[in-house]
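Below is one structure, written out as C-alpha cells; comments come after it.
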Amino acid sequence: MATPHINAEMGDFADVVLMPGDPLRAKYIAETFLQDVRQVNNVRGMLGFTGTYKGRKISVMGHGMGIPSCSIYAKELITDFGVKVIIRVGSCGAVLPDVELRDVVIGMGACTDSKVNRLRFKDQDFAAIADFELVQNAVSAAKAKDIKVRVGNIFSADLFYSPDPEMFDVMEKYGILGVEMEAAGIYGVAAEYGARALTICTVSDHIKKGTQTTSEERQTTFNEMIEIALESVLLLED
C-alpha cells in the first residue's frame, strides 16, 4: 500500500534496495546496470526503480540529502514494503591526506553530530555500524574486481556548510575516511526496524586539498561503487 512518500504497492520493491542521494543517479543506475526495469516511485521526484541484476531482483531509489530525508524513505521501505537490506551508494568528502578523489570508501561505522540516534536510543550513544555480512561481501566483491577500497569510520554531518572547519582537523586525527550526511541515520533506522544496512561512498571532493568532481561526474561516473554494491548483493546468503 502506498505511503505518504512512496506511491508503490507491496511487491513492487525487491528485498534489497540500493539508495543514492540523487534520484537522477538512481535512474542512471537502473538504466545502466539493471534489466527488465520498471519505475515504482515518483512522489516528490524521488525516483525508484525495480529490475534484475544477473537474474537477481534489485531495486534502486533516491533518498535525498541529510538524515531526516533518508530516514523517512528507509523507514517506509522497511516497514511498508518489506525491504530487508539497504545499501547507500553515495558521495563523500575526504580529509585524510592519503584518500584521493574517486577512492571508494566502505563505512563500517558512522560517527555523527546529529541527535537522531540519541532520540531513538533513550539519549544514549548508539554505535551506528554496518551489517558485518554486507561489509564482508562488499570487500570480497571489490577484491574480485580488483578495485581498491578503504574500510573504516565515516562521519555523517547535519550541516553541509560547516560553521566549524576545525572539526575537519579532529576528523583527520581520528582517521575518518569520508564525510557525508546520511549513513548514521540509515544505520539507526535499520537497527530500529530489524533490517540491515551498508554505506559505500565514492570520494567526490577533498575538503583539505580543495579538489572536487563535477555534479555530472557524481551523477554518472561513479561506476566502481555501484558494481561493488551490485556484486555484493549476489553474495548474500538466503
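Glycine residues also receive a Cβ, built from the backbone N, Cα and C atoms like all the rest.
What Swiss-Prot records for this protein:
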| type | residues | note |
| --- | --- | --- |
| BINDING | His5, Glu180, Met181, Glu182, Ser204, Asp205 | purine D-ribonucleoside binding site |
| BINDING | Gly21, Arg25, Arg44, Arg88, Val89, Gly90, Ser91 | phosphate binding site |
| ACT_SITE | Asp205 | active site, proton donor |
| SITE | Arg218 | site 'Important for catalytic activity' |
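Recorded features from Swiss-Prot, shown on the structure.
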| residue | record | Cβ neighbours (10 Å) |
| --- | --- | --- |
| Gly21 | phosphate binding site | 21 |
| Arg44 | phosphate binding site | 14 |
| Arg88 | phosphate binding site | 27 |
| Val89 | phosphate binding site | 23 |
| Glu180 | purine D-ribonucleoside binding site | 25 |
| Met181 | purine D-ribonucleoside binding site | 26 |
| Glu182 | purine D-ribonucleoside binding site | 31 |
| Ser204 | purine D-ribonucleoside binding site | 22 |
| Asp205 | purine D-ribonucleoside binding site | 16 |
| Arg218 | site 'Important for catalytic activity' | 20 |
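Proximity to Arg25 (phosphate binding site), judged by a C-alpha distance within 10 Å, picks out Arg218 from the recorded positions His5, Met181, Ser204, Asp205, Arg218.
The maximal spread of the phosphate binding site, taken as the longest Cα to Cα distance among Gly21, Arg25, Arg44, Arg88, Val89, Gly90, Ser91, is 22 Å. Once Cβ contacts within 10 Å are tallied over all protein chains shown, the binding-site residues His5, Arg25 are led by Arg25.
Under the three-state DSSP scheme, Met181 (purine D-ribonucleoside binding site) falls in the coil class.
For Ser91 (phosphate binding site), the same-chain residues lying six or more positions away in sequence with a CB closer than 8 A to its CB are Gly21, Glu180, Cys201, Thr202, Val203, Ser204, Asp205, Thr213, Arg218, Phe222. When the C-alpha distances from His5 (purine D-ribonucleoside binding site) to the binding-site residues Arg44, Arg88, Val89, Gly90 are tabulated, the minimum falls on Arg44.
Non-local neighbourhood of Gly90 (phosphate binding site): Pro20, Gly21, Glu180, Glu182, Thr199, Ile200, Cys201, Thr202, each in the same chain, at least six residues away, with C-beta under 8 Å from its C-beta.
In this structure the C-alpha atoms belonging to Arg44 (phosphate binding site) and Met181 (purine D-ribonucleoside binding site) are separated by 20 Å. Residue pair Val89 (phosphate binding site) / Met181 (purine D-ribonucleoside binding site) shows a Cα separation of 12 Å.
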